[in-house]
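Asks: Straight from Swiss-Prot, here's the annotation block:
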type	residues	note
COMPBIAS	95-110	compositional bias 'Basic residues'
DOMAIN	115-182	domain 'SUI1'
MOD_RES	Ala2	N-acetylalanine
MOD_RES	Ser20	phosphoserine
MOD_RES	Ser73	phosphoserine
MOD_RES	Thr86	phosphothreonine
MOD_RES	Ser189	phosphoserine
REGION	72-110	region 'Disordered'
Amino acid sequence: MAADISESSGADCKGDPRNSAKLDADYPLRVLYCGVCSLPTEYCEYMPDVAKCRQWLEKNFPNEFAKLTVENSPKQEAGISEGQGTAGEEEEKKKQKRGGRGQIKQKKKTVPQKVTIAKIPRAKKKYVTRVCGLATFEIDLKEAQRFFAQKFSCGASVTGEDEIIIQGDFTDDIIDVIQEKWPEVDDDSIEDLGEVKK
């Protein structure tokens with residue numbers, strides 16, 4: 001007797017998936033997906049490109065489009081039939097106005113293009129060479145730092161936003177090396193400051 005009660009109470013439950021199945025539906029269901037937004041056509045109205053989705057549906061599946069327009073409210077249908085082509089064009093123009101430019105880049109301040117080289121004393125008889133101004137010629141400082149470290153077989157590091165420190169006294173050789181590696185840096189734009197204190 002208890003088995004009969006549990007079976008009958010299970011059939012009356014609202015959340016039972018067996019009761020939610022439609023009797024007139026043919027399983028497995030065939031769902032039509034939109035070619036514009038890739039969602040089922042019932043959900044196209046929730047996407048930002050409703051006009052494009054409707055145009056695609058009308059062009060490719062006129063029967064389904066007719067069903068959807070009959071099911072829609074008269075306000076939506078009237079809005080679409082009045083200016084279907086112009087509404088889509090207006091939406092497209094609005095989107096182009098809103099998003100096209102992206103982030104505006106700030107103009108760089110015109111800084112004189114000058115490379116300065118200085119020899120800075122460290123402890124006892126040791127020196128470091130400071131190279132400033134390579135960034136004004138749009139030279140990648142990390143690449144320049146690696147190049148100097150490899151060329152002079154020493155340590156080099158990028159310390160400031162436009163400053164490279166090379167361990168050792170290379171003020172004599174570095175001018176020729178810079179002009180050889182980066183020909184856009186001419187002899188007039190390189191200035192040797194000599195020995196400078198930190």
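Glycine residues also receive a Cβ, built from the backbone N, Cα and C atoms like all the rest.
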Asks: Including all protein chains shown, what's the count of other C-beta atoms within 10 A of the C-beta of Ser189 (phosphoserine)?
Replies: 17
Asks: According to DSSP, how is the domain 'SUI1' (115-182) divided among helix, strand and coil residues?
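Replies: Once the DSSP states are binned, the domain 'SUI1' (115-182) shows 27 helix, 23 strand, 18 coil.
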Asks: Which whole-number mean pLDDT does the model give the domain 'SUI1' (115-182)?
Replies: 90
Asks: Using DSSP with the three-state reduction, classify Ser189 (phosphoserine) as helix, strand or coil.
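Replies: Once the DSSP labels are grouped into three classes, Ser189 (phosphoserine) ends up as helix.
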